[in-house]
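Q: Encoded as structure tokens, here's the structure I'll be asking about.
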Amino acid sequence: MSASTTATLRHDWTLAEVKALFVQPFNDLLFQAQTVHRAHFDANRVQVSTLLSIKTGACPEDCKYCPQSGHYNTGLEKEKLLEVQKVLEEAARAKAIGSTRFCMGAAWKHPSAKDMPYVLEMVKGVKAMGLETCMTLGRLDQDQTEALAKAGLDYYNHNLDTSPEFYGNIITTRTYSERLQTLAYVRDAGMKICSGGILGMGESLDDRAGLLIQLANLPEHPESVPINMLVKVAGTPLENAEEVDPFDFIRMLAVARILMPQSHVRLSAGREAMNEQMQALAFFAGANSIFYGDKLLTTANPQADKDMQLFARLGIQPEAREEHADEVHQAAIEQALVEQKSSEQFYNAAV
């Protein structure tokens with residue numbers, strides 16, 4: 001094996017090392033990932049979160065994968081920021097169906113001064129229910145980050161999406177360094193980080209490895225690493241992107257597990273398209289977190305009862321809140337708003 005299964009925490013991974021992990025025989029890679037996983041987690045427990053879109057559509061960013069972008073005509077109905085009481089009602093529903101974390105996402109480049117008081121009240125209200133809280137609101141400045149931390153926010157999601165080299169092909173309205181700066185503000189404020197990326201945007205193996213290197217070589221590993229499979233949405237520039245090979249997706253999860261052994265690896269956007277066998281293989285590769293409920297943020301997600309039925313067949317138990325924590329991923333939020341059920345507010349992603 002090309003990396004130690006003892007999985008001491010490292011922050012100095014090289015491209016050659018990570019590519020060597022990717023290209024080793026599939027069974028060897030999965031064995032290594034499962035060995036690392038068992039050294040740090042109960043292999044038969046998966047963390048469960050629920051994700052709610054608190055403000056949908058009309059985002060000024062031009063992310064080519066995202067149906068929420070105001071640059072593309074995807075038929076998505078725009079919505080204003082939800083009222084605080086509505087958010088709290090949805091959080092209560094999430095707790096009732098077994099979620100331990102409630103993740104709130106807004107389609108913003110960054111939160112405005114007029115919206116921040118409402119966002120802070122949402123955090124306080126959800127926290128008072130005994131749920132862990134997470135948000136993805138776009139870029140933050142230092143004052144906003146500190147205000148969220150003071151309100152009790154546990155996790156902040158801000159995805160890197162892809163490698164620095166490929167990033168400019170996907171997004172031009174926010175720089176990679178701005179994303180890294182937001183993550184630094186979040187960490188400095190004492191909150192936990194959720195950050196990952198998306199497969200299927202035309203990136204190379206070097207780009208996939210490069211994304212994981214960026215995450216693993218941060219001063220502290222993200223507590224949650226969502227790995228998303230592109231959900232292709234009509235009207236976005238990536239609607240005709242080439243499909244991701246399922247084995248390549250599983251390899252990405254396995255390498256993420258090896259590089260960041262103590263992080264929750266979330267099986268995120270795109271799970272609706274995965275059959276049960278692929279999801280089971282994902283859990284074996286080290287994925288130990290999913291989003292649970294009706295939807296991703298704007299894309300379909302397996303129904304909650306189907307998730308629990310699969311868990312039962314695999315002998316997997318939902319992770320209790322006290323045991324570990326994970327976080328929401330923004331790519332899920334940004335990743336697709338295709339089958340919007342008017343009667344439901346939940347959006348799920350999995351990782």
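Note that Cβ sites are derived from N, Cα and C of the backbone, with glycine treated the same way.
Copying in the features that Swiss-Prot gives for the protein in this structure:
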- Cys59, Cys63, Cys66: [4Fe-4S] cluster binding site (BINDING)
- Cys103, Cys134, Cys194, Arg266: [2Fe-2S] cluster binding site (BINDING)
- 44-262: domain 'Radical SAM core' (DOMAIN)
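So that I understand the layout, could you describe where these features sit and how close they are to other parts?
A: Within 10 Å of the C-beta atom of Cys63 ([4Fe-4S] cluster binding site) sit 27 other C-beta atoms, taking all shown protein chains into account.
Taken residue by residue with DSSP, Cys194 ([2Fe-2S] cluster binding site) is part of a strand.
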Q: Taking DSSP as the reference, which of helix, strand or coil describes Cys103 ([2Fe-2S] cluster binding site)?
A: strand
Q: Could you tell me which of these binding-site residues, Cys66, Cys134, Cys194, has the greatest number of Cβ atoms within 10 Å of its own Cβ?
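A: Sorting the candidates by Cβ neighbours within 10 Å, the top entry is Cys194.
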Q: Cα-Cα separation of Arg266 ([2Fe-2S] cluster binding site) and Cys66 ([4Fe-4S] cluster binding site), in Å?
A: 19
Q: Cα distance, Cys134 ([2Fe-2S] cluster binding site) to Cys63 ([4Fe-4S] cluster binding site), nearest Å?
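A: Here the two Cα atoms lie 22 Å apart.
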Q: Check the domain 'Radical SAM core' (44-262) for me and report the mean pLDDT.
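A: That region's mean pLDDT is 88.
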